[in-house]
């Protein structure tokens, strides 16, 4: 949807944004719309003067501010209507009895201008699809054909005045491109205020995080890393100690087995055909256990 021209809200220039979004280009500026407003004011003044420049109504009219514009950038429906006449376009009130009797399906129109209090925005068909070109949105909003009538009805319930734009709109790139392709919109655009609020919240969260990191100077995260490292080293030392104990135990068993073999060779007399007495067997057992315990003790430490 990059080809769609969409002016975003600046100040109270919604009438300018509405016209330019309708015509799909920078056709009108505040200066040009102000010139149209001054021209309308002068025409109204001349009509009031016809009743006499000394009349009370005329003096009251002169003291009142312009009804076609103000310092904020607001422009009246008369200004918008006169601006569109330059392009041969006409505005018809959508919910007027005259238009409703025509029973025209909204999807068969080309564009609408919507107004509530002092805000104006355009709903226009580009190619074969409808778009809400409200300047308060972050971008164009796709409106399906089935939703268009419901969307307009909802605006009317909210108090909007809706005008049908009659006439041939100027050619634009978006209309030509969207005649050939259809677009899909995965995420609807947000209101500019919502986006700004979200960005502000993100900045606040980022600032808070930076402040915390600055205060801690990263020590909080380092402390956690150091604790993990200390626990890992302690577990490693325990494993090493267990491995050392197992190795010592294996060496002690080996030494004891070697000692037993030597003792057997040394203690058993090399006599043939003779059998040891019970007393000799008892002494041999005592000697074996004494040597065994002594060698295990020395191998351990």
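Easy rule for this one: first residue shown is 1, then count along the chain.
Placement of Cβ uses the backbone N, Cα and C atoms for every residue, glycine included.
Not measured: the values here are computed from a predicted model.
Feature annotation from TrEMBL assigns domain 'Josephin' to 1-180. Residues or ranges marked as active site in TrEMBL: 14, 119, 134. According to TrEMBL, the active site, nucleophile annotation covers 14. Taken from TrEMBL, the feature active site, proton acceptor covers 119. Per TrEMBL, coiled coil is recorded for 226-255. Residues or ranges marked as compositional bias 'Polar residues' in TrEMBL: 258-276. Taken from TrEMBL, the feature region 'Disordered' covers 258-281.
In the predicted model, the domain 'Josephin' (1-180) has a mean pLDDT of 94. Residue pair residue 14 (active site) / residue 134 (active site) shows a Cα separation of 9 Å. Note on the active-site residues 14, 119, 134: the fewest other CB atoms within 10 A surround the CB of 119.
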